Amino acid sequence: MKKMSRNVLLQMEEEDDDDDGDIGDVPASRRPFLTPHAHLPSSLVLENLGQTIIPDLGSLESQHDFRTPEFEEFNGKSDSLFFNDGQRRIDFVLVYEDESRKETSKKGTNEKQRRKRQAYESNLICHGLQLEATRSVLDDKLVFVKVHAPWEVLCTYAEIMHIKLPLKPNDLKNRSSAFGTLNWFTKVLSVDESIIKPEQEFFTAPFEKNRMNDFYIVDRDAFFNPATRSRIVYFILSRVKYQLINNLSKFGINRLVNSGIYKAAFPLHDCKFRRQSEDPSCPNERYLLYREWAHPRSIYKKQPLDLIRKYYGEKIGIYFAWLGYYTQMLLLAAIVGVACFLYGYLNQDNCTWSKEVCHPDIGGKIIMCPQCDRLCPFWKLNITCESSKKLCIFDSFGTLVFAVFMGVWVTLFLEFWKRRQAELEYEWDTVELQQEEQARPEYEARCTHVVINEITQEEERIPFTAWGKCIRITLCASAVFFWILLIIASVIGIIVYRLSVFIVFSAKLPKNVNGTDPIQKYLTPQTATSITASIISFIIIMILNTIYEKVAIMITNFELPRTQTDYENSLTMKMFLFQFVNYYSSCFYIAFFKGKFVGYPGDPVYWLGKYRNEECDPGGCLLELTTQLTIIMGGKAIWNNIQEVLLPWIMNLIGRFHRVSGSEKITPRWEQDYHLQPMGKLGLFYEYLEMIIQFGFVTLFVASFPLAPLLALVNNILEIRVDAWKLTTQFRRLVPEKAQDIGAWQPIMQGIAILAVVTNAMIIAFTSDMIPRLVYYWSFSVPPYGDHTSYTMEGYINNTLSIFKVADFKNKSKGNPYSELGNHTTCRYRDFRYPPGHPQEYKHNIYYWHVIAAKLAFIIVMEHIIYSVKFFISYAIPDVSKRTKSKIQREKYLTQKLLHENHLKDMTKNMGVIAERMIEAVDNNLRPKLE
């Protein structure tokens, strides 16, 4: 290996050929970045972060200054996780294509890329990392650079990153089962402890090199586990510079991968997922995760969260912990939802108003007014017979009970999850994570403005002034607002489609019911319009979603958040705001706007002065809302599974097909992992987003679809195992990351929970026909308004359909060409208005005002009751259990005591040595005088 004692940067005056748009072009003199001090104390490393020695390398002939990795041949050990010497562990792998063997004419570009890579690798060696290069077994153009962090480097950067490490074994965490006598049952659902052994618990503290003796170091090789080693190496890789152009520095492995200088960068899986490693020292954690977590036969078992966290890091672990807890809570909601659905299904034969719609002497003789101008015919009410029967299942008293239950359920879920999250923070040592998190390298690169910290009164660097920050926020907010307006425009387009295509379906579909033709029974103009509009809406949603993902990332990069947590929270809020409007806008339109502002046949309301506003079925828009939810939820689940499972599997299958010629050769671990799919830095973000959108469907519109929790439960049970299968078999190992909680998704769920109470109350009040039916039953079926002697639902349909005189049609509707139903002087329409000839003809009648008052009263009462219960539950259930608080305080006390006692021992030992030396010195001075 060629020796060199200084950091190397390429100095080029020509235009840079990186076109990835990454952040990092900043004056080198202002860059607070890493310098090669891995063997110095951590305090000096931190003090010297801004110092960099940058020699001018000049021409290509000066390449002898580079420190290059050693090239070694593959030793034939396919399961090895070490360098060829068998001692140094591989912590990270970099992959590039050798420019000298590329079949391309771009020699100048290849030479630039080679020099950048050599400068980068040289600087990695200057920072204390050890590199070993090996050519690919299957493709000699590929070179794998294996990265190892020695003990001194790990200790230095563990202190810089404030990584918590073991002090002594912890005997406080005694996990007792909450089920007591049901231990035999939970044992069946749990992972066998003889297969996946429980992790030993420790008291931990942020690592300090000068107090290394205080830490529990039994074996140096095992003190930093593989996940921690990968985190430290990635921290260095993402901050090391490789080029200087016009006094602007280029840095970081992400930029090098994006610009094609490296093909990939990843930590290694520890073994194959189908079989254990031949190396006896390998823990085979990937194999255990596949067998006990990702395999279909483990679908009924609890997740091995501690092993997931150990192998993939806390960020992946907290996601699966949340998803598992959400799925468990859905079980209760699904049971109640199915019970309410069965209640409606079993009582649909007792649905009086549906019988009236289907009765040939009632619904068969009621002639309904045309629902559009000229082309739409008069139609008989009984053509909606089948939809009215289905509506009875969902629009029942059970729906009201379920809506109230879900308002309470969502509060219980959020409160109990907070407690579970606090337990995981304690068990996984992330209680004080916010104090440990480092700034993103992209943020550090832009820190060019010096300000005085109000607390420390010391100078610190920030990326932009307060005025610059305001400008960025304004531009970002404007961009997000523009895209939301774009979605609203697409929703308006769907509405116009509904209005225009309804005319076509009304003209083409049959006007009379033929009992022998199932299409005529089920495919009414309203149903056909609803289904096609829902499908088109779903397609537009997915297209806009794909485009906006890239736009949101660009906006967040421009905003420049400080830490990775801040970055993800900012991106989360933008993406969810967009997705909320994208996915839910059509549902909100159907639930709260469709059929609400239509006027009456003699004076209809027109959209854009041209399109007559569409109406609901005589039974309301609830069934159409159910159809919309089913199509979007089902279509989204199918689409996500295609994206998440099928595409990676096909890509890996194609890759294996291309490599079939070399399949007989033994390939090393790093080459096997290279041919897996990269997950992407925001892969977990999209998993959260998918589940939160589903959470919104389950809570916001559950009053229209009680089976939504059941569908979500089935989807999530499969989702957990599918995600586990993807991570363990189809994707490269992710860089482990720390996470304290689920981030911005928690307040988003709380906001959805609050909004869900309002939406469900309004769906029952304004979308369903429950309130008008109750008003008729208790007030208008008996005197003074009704003719029946007792409370009944008989006559409800006739009472709720107003009468219109055909002669009063305006010119647009008067020339209706359809006469199959005969010549009629009157027709009926869905509203509460006085009949023609009445002194207040076509004005709203007394029934209408009773219904409006009842609806408003219902919303107020339901909201206040549920909000009161939610507030009481939130107050009664603390976010952190008393037991967990005691454990945290106890561990903190014992940790401080341990560190203090060790410090006192060191002080006493040092004082004893000093005292002995002083006594010895005094003796040496007094002895000559006495003699």
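Placed from the backbone N, Cα and C atoms, the Cβ positions cover glycine too.
Those TrEMBL annotations? Automatic predictions, nothing curated.
Residues or ranges marked as domain 'Anoctamin dimerisation' by TrEMBL: 82-305. Computed over the domain 'Anoctamin dimerisation' (82-305), the whole-number mean pLDDT of the model equals 84.
What TrEMBL lists as domain 'Anoctamin transmembrane' is 308-891.
According to TrEMBL, the feature transmembrane segment maps to 319-346 (among others).
TrEMBL lists 397-417 (among others) with the feature transmembrane segment. Taking Cβ pairs closer than 8 Å, the transmembrane segment (397-417) reaches residues 322, 325-326, 329, 332-333, 336-337, 339-341, 343-344, 698-699, 702-704, 706, 709, 746, 749-750, 752-753, 756-757, 760-761, 763-764, 768, 770, 862, 865-866, 869-870, 873-874, 877, 879 in its own chain, all 6 or more past its ends.
Sequence annotations record features per position, and here TrEMBL assigns transmembrane segment to 480-507 (among others).
The transmembrane segment annotation in TrEMBL covers 527-548 (among others).
The annotation transmembrane segment is assigned in TrEMBL to 575-593 (among others). Outside the transmembrane segment (575-593) by six or more residues, the chain places 480, 483-484, 487-488, 491, 494-495, 533-534, 537, 541, 544-545, 548-549, 552, 621, 624-625, 628-629, 632, 636, 685, 689, 692-693, 696-697, 700-701, 704, 744, 748, 759, 762-763, 766-767 with a CB less than 8 A from a CB of the stretch.
With a cut-off of 8 Å between Cβ atoms, the residues of this chain six or more beyond the transmembrane segment (691-714) that come close are 323, 326-327, 330-331, 333-334, 336-338, 340-341, 344, 394, 398-400, 402-403, 406, 410, 576, 579-580, 583-584, 587, 591, 622, 625-626, 629-630, 632-634, 636-637, 745, 748-749, 752-753, 755-756, 759-760, 763-764, 767-768. Annotated transmembrane segment per TrEMBL: 691-714 (among others), in sequence order.
TrEMBL lists 748-768 (among others) with the feature transmembrane segment.
If one looks beyond the transmembrane segment (846-867) by at least 6 residues along the same chain, the residues whose Cβ comes under 8 Å of a Cβ in the stretch are 403-404, 407-408, 757-758, 761-762, 764-766, 771-772, 774-776, 779-780, 785, 799-800, 831-833. The transmembrane segment annotation in TrEMBL covers 846-867 (among others).
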